[in-house]
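Presented below is the structure to which this report refers.
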């Protein structure tokens, strides 16, 4: 065996010594060097609004268009996010500033004027991309001096009232002042883009004579160095008006290196609140750990010692507490097949989230890899079907089941079908609004192929492997006749104890949940995966410990029906998650349209359902381990 190890080590060293080693970058995030005068292609992305949550393609509005509109290749995650990345008529030249470059003139009719007004009223933002960097608008924070925050994209326009009038008017941002920041390599004189900013203005342009491509504007003129610096004479959106779209480009050298260019976008949040979240969660964990330690080291140790020292039949007959139900504690629960399905699905969710977290912490799922997080989660879900099939069939055999194929079939279809139907209904609503967020038929077909072509076979393979392994023997024998459960105290009522059990797991994550919801619904970046991973570990510990504590109290009350209750105890935290989503909707969001509200609550129901399955499985398996541990530690006559 030692010789084999030496041989393998020698081959590995030989391989690395004889192969040229090159550094590599992840696809789509490799730096690009530009020489002076090189063309920089600005791409446009979707129009987004926090008021409607319905994205639209850039060219759904009558903006200036290039000769041929070319769609960029998009991954699965980008399509599901509603991204529609296309080329634009904005073309820069590296390190060559431009002033008042005219793009085109648009004459508004009734339809186009209405389209602009609707998007302005709903506070839509225009998103652009340059060298994979999103366009941002720098805004000074009013509460802190010299602190600048960056908003994603610029507003299509704004509403206002002329002095002395009462009627509200709509104005469009038709002049854009771009700032491209670059880092220059002194040796090669090449440059890398490290920032892409804009200041939008609304200007009613005027020109001399008849309009043509070479017409000279009087409101801004590069020859006289007259630039647009304000919106004192804004461009109104009304039928019959003409709008001239213009832009400036300024190149500024920056000390920021290419590897750190995303720091500006990602380091906007205050770290102190995240540390407070961690400390809050740790206090909950320490409290629960103390209770578990007291139960395990004091109460259980004393109970087990007393039970093992019983000598007479009379003493054994008078036994009380959790040992009294040893003949029923491993009796299969009601509807065991459904429990097995949900336990297996929970393991699948756990595996997907865990691996995604690890990849995110290692930097593989950075925002520069647009849509990467969504794509990774979908693919991991598909391949984790192997674990789902294994866990469900293994538990099914433990409960003395025989038809593993039926369990595998239910595991492969029950949860995914529920999610798919809900997603299909929500997608139909988005499609009815003619939004770019609607998933195309081809992508829906690809999702079905992933489900039926990869996930379902893997579930059956895992089910076959899990069922072939011998079932673990129960520590104690199960009586043929079920024991009658005594009347329980009010605080041991199943509904009450289940709802109480979900409070602490939710309390461990609710602060971080605020930032996650903000990133999703207010279109901000979320990249503090280090904090999130710590909270994730704390959530696992909290779910396991609260379930074990309540399970012990339940068994001490001579109630042996712990199977489903253990799953529902930690899984009930999903109820609080959804209630918090309702609270967030009314306090942080400005959604007014019914369709947008339906989409919000529909997606949050899906998220809460996934959270229920995930946390429920953690609590169930913790309780499963706990009961087998304590009942294998006592002598049963």
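Note that Cβ sites are derived from N, Cα and C of the backbone, with glycine treated the same way.
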Scan 300-323, 444-467 against TrEMBL and say which stretch is down as transmembrane segment.
444-467
Go through 275-297, 371-391, 488-521, 527-555 and flag the stretch with the largest number of C-beta pairs under 8 Å relative to the transmembrane segment (567-586).
488-521
Recorded stretch, among 412-432, 444-467, 527-555, maximising Cβ pairs under 8 Å relative to the transmembrane segment (275-297):
527-555
Find the member of 339-365, 371-391, 488-521, 527-555 that has more C-beta pairs under 8 Å to the transmembrane segment (444-467) than any other listed stretch.
371-391
Applying the under-8 angstroms CB criterion, which one of 412-432, 488-521, 527-555, 598-626 scores highest with the transmembrane segment (339-365)?
598-626
Might you confirm whether the transmembrane segment (371-391) is in contact with the transmembrane segment (598-626), defined here as three or more C-beta pairs under 8 A between residues 6 or more apart in sequence?
no
Long-range environment of the transmembrane segment (527-555) - Cβ separation under 8 angstroms, sequence gap at least 6:
266, 269, 274, 277-278, 281-282, 284-285, 288-289, 291-292, 295, 299-300, 321-322, 325, 329, 353-354, 357-358, 360-361, 365-367, 492, 497, 500-501, 504-505, 508-509, 512, 515-516, 562, 565-566, 569-570, 573, 615, 618-620, 622-623, 626-627
